[in-house]
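Feature list (source: TrEMBL):
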TRANSMEM  25-48  transmembrane segment
DOMAIN    40-289  domain 'G-protein coupled receptors family 1 profile'
TRANSMEM  60-81  transmembrane segment
TRANSMEM  101-119  transmembrane segment
TRANSMEM  139-157  transmembrane segment
TRANSMEM  196-218  transmembrane segment
TRANSMEM  239-259  transmembrane segment
TRANSMEM  271-291  transmembrane segment
Amino acid sequence: DSGNDTGISEFLLMGFSEEPELQPLIFGLFLSMYLIIVLGNLLIILAVSSVSHLHTPMYFFLANLSFVDICFTSTTVPKMLWNIQTQSKVITYEDCITQMYFFILFAGLDMFLLTVMAYDRFVAICHPLHYTVIMNPHLCGLLVLVSWVLSALHSLLESLMVLQLSFCTVLEIPQFFCELNQMIQLACSDTFLSNMVVYFGATLLGGGPFIGILYSYFKIVSSIRGISSAQGKYKAFSTCASHLSVVSLFCCTSIGVYLSSAATQNSHSSATASVMYTVVTPMLNPFIYSLRNKDIKE
């Protein structure tokens with residue numbers, strides 16, 4: 001029966017497929033991607049911390065992004081691998097809320113850090129003579145700290161909204177992790193306030209950084225167009241090509257996932273689409289920065 005239960009103790013993460021013969025393939029695939037994410041991003045952190053000429057604002061932000069990417073995937077993939085290994089779909093209510101909190105936290109941090117990195121490229125290209133003065137260590141540390149604080153407060157607010165909800169006895173989440181929108185849809189109580197908070201948070205903490213990135217690149221393009229030599233234009237653009245690739249990948253996949261989930265009722269399709277920004281993007285980031293960056297390659 002579909003009833004109301006305010007004392008629920010667990011959810012079921014339905015994942016990608018219920019076919020037993022596909023579980024070893026899914027386990028191997030996600031274990032491989034997770035190891036690549038951890039190893040690739042750890043190598044970037046190690047390179048930035050150990051090589052003196054990489055101690056610049058750009059690589060400081062890159063090392064922070066790599067750390068956040070490791071944490072981002074670690075909130076979801078290990079639990080999914082554990083469930084496949086134990087042939088269980090259960091996640092406790094407390095673990096689900098905790099997973100959702102950290103998932104929102106690190107997703108927000110990803111967006112904030114990409115915005116900060118866009119600002120760094122804006123200063124480097126549009127104000128090169130004042131770059132070292134503007135992007136001083138104090139400001140860089142402050143920008144990262146503010147990103148953590150804002151993301152933590154936003155994630156806390158979203159989690160508190162979910163804690164106020166009561167849930168039906170049908171507690172199947174059509175994802176491989178506790179996703180905020182899916183949990184709100186499972187609630188039996190009134191979700192108007194929760195939906196308003198979600199939309200407000202997405203508009204403010206998603207749209208704000210996105211507008212900041214667009215503005216930074218608008219000024220960057222305007223500045224590059226003013227450079228007379230073709231070699232100068234190429235050199236200026238190459239300094240932000242990797243960042244632009246990562247921004248495009250993260251934003252496009254995130255938007256694509258939510259558009260596809262809104263357009264289709266297929267739960268497995270929605271879970272598969274979510275892999276693009278939760279696993280594939282963090283996995284590709286180290287390759288994008290290492291293959292297109294001379295200093296990192298060296």
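Note: Cβ is positioned from N, Cα and C throughout, glycine not excepted.
Between the transmembrane segment (101-119) and the transmembrane segment (25-48), fewer than three CB pairs separated by 6 or more residues in sequence fall under 8 Å, so the two stretches do not touch. Of the two recorded stretches, the transmembrane segment (25-48) does not lie close to the transmembrane segment (196-218), with fewer than three CB pairs under 8 Å once pairs fewer than 6 apart in sequence are set aside.
Sequence-distant neighbours of the transmembrane segment (271-291) (same chain, 6+ residues past either end, Cβ-Cβ under 8 Å): 14-16, 30, 33-34, 36-37, 40-41, 43-44, 62, 65-66, 69-70, 72-73, 76-77, 174-177, 179, 242, 245-246, 249-250, 253-254, 256-257, 260-261, 297. Tertiary neighbourhood of the transmembrane segment (60-81): same-chain residues 13, 15, 27, 30-31, 33-34, 37-38, 41-42, 44-45, 48-49, 91, 95, 99, 102-103, 106-107, 109-110, 113-114, 116-117, 120, 140, 144, 176-177, 278-279, 282, 285-286, 289, selected by CB-CB distance under 8 Å and a gap of 6+ residues from either end.
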